[in-house]
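Asks: Pulled from Swiss-Prot, these are the listed features:
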BINDING   CYS43, CYS44, CYS108, CYS139  [4Fe-4S] cluster binding site
Amino acid sequence: MNSIQFPLLDRTAKNSVISTTLNDLSNWSRLSSLWPLLYGTSCCFIEFASLIGSRFDFDRYGLVPRSSPRQADLILTAGTVTMKMAPSLVRLYEQMPEPKYVIAMGACTITGGMFSTDSYSTVRGVDKLIPVDVYLPGCPPKPEAIIDAITKLRKKISREIYQDRMKSQRANRCFTTNHKFRVGHSIHTGNYDQRFLSQPPSTSSIPTETETLFTYKNSVSSHELVNSAGFFGTK
């Protein structure tokens, strides 16, 4: 069953008995029907769109893309995440029902990519916002790599215990790395923070040559002017 082995029942026996636990049954049902919420913001998402075609056929994994976070149990982030997007992404993750999983796809999502050095508005890794289960590096990763990431996530689901996962999330509520976010009043006003913008001096504030000379003359004391006048008069 897609690289995940389960004991098969003997269909020839009439009185077959299934011996399992509620946790194993729950894991089997969840890994066979992952419903992803597609959060694509950049070019990496184009590679995931290739899985929809008949060549890769991601329907065989039980993947059904959803447009509502309340109906999804997997969020796949692909592309750059900016500071302005961060609250929306966290809100989408919190609206997903438990248990929920995250796949970080691409270098820009995992580390910030080429925007991680000079950009002041890029989040250096989506794991600073939401907990990530599977990291998928690449720029962009191939569709085969995405299938491998989904397979690894299904293996993780098949072995986990739901109670342990909930305890781990309560103890380590995200974030092993300290981020440097600045709390603002609102991000949906449409106005930029003026402190980050360099304001060029206006033309009215640039003094002309006449104003400079006049300012210099005003700065000279009257005593100096009298002395200079007397000096020129003697000559």
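From the backbone N, Cα and C atoms, a Cβ is placed for every residue, glycine too.
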Asks: Around CYS108 ([4Fe-4S] cluster binding site), how many other CB atoms lie within 10 A of its CB?
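Replies: Cβ-Cβ neighbours of CYS108 ([4Fe-4S] cluster binding site) within 10 Å number 27.
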Asks: Within 8 Å of the Cβ centroid of the [4Fe-4S] cluster site residues CYS43, CYS44, CYS108, CYS139, which other residues of the same chain have their Cβ?
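Replies: These residues sit around the [4Fe-4S] cluster site: SER42, ALA78, GLY79, THR80, GLY106, ALA107, THR109, GLY113, GLY138, PRO140.
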Asks: Taking the Cβ of CYS43 ([4Fe-4S] cluster binding site) as reference, which residues of that chain separated by at least 6 in sequence fall under 8 Å from it?
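Replies: Once residues fewer than 6 apart are set aside, CYS43 ([4Fe-4S] cluster binding site) is near GLY79, PRO140.
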Asks: Under DSSP, is CYS44 ([4Fe-4S] cluster binding site) helix, strand or coil?
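Replies: Its secondary structure by DSSP: helix.
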Asks: Counting only other Cβ atoms and using a 10 Å cut-off, which of the binding-site residues CYS44, CYS139 scores lowest?
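Replies: Comparing Cβ neighbours within 10 Å for the binding-site residues CYS44, CYS139, CYS139 has the fewest.
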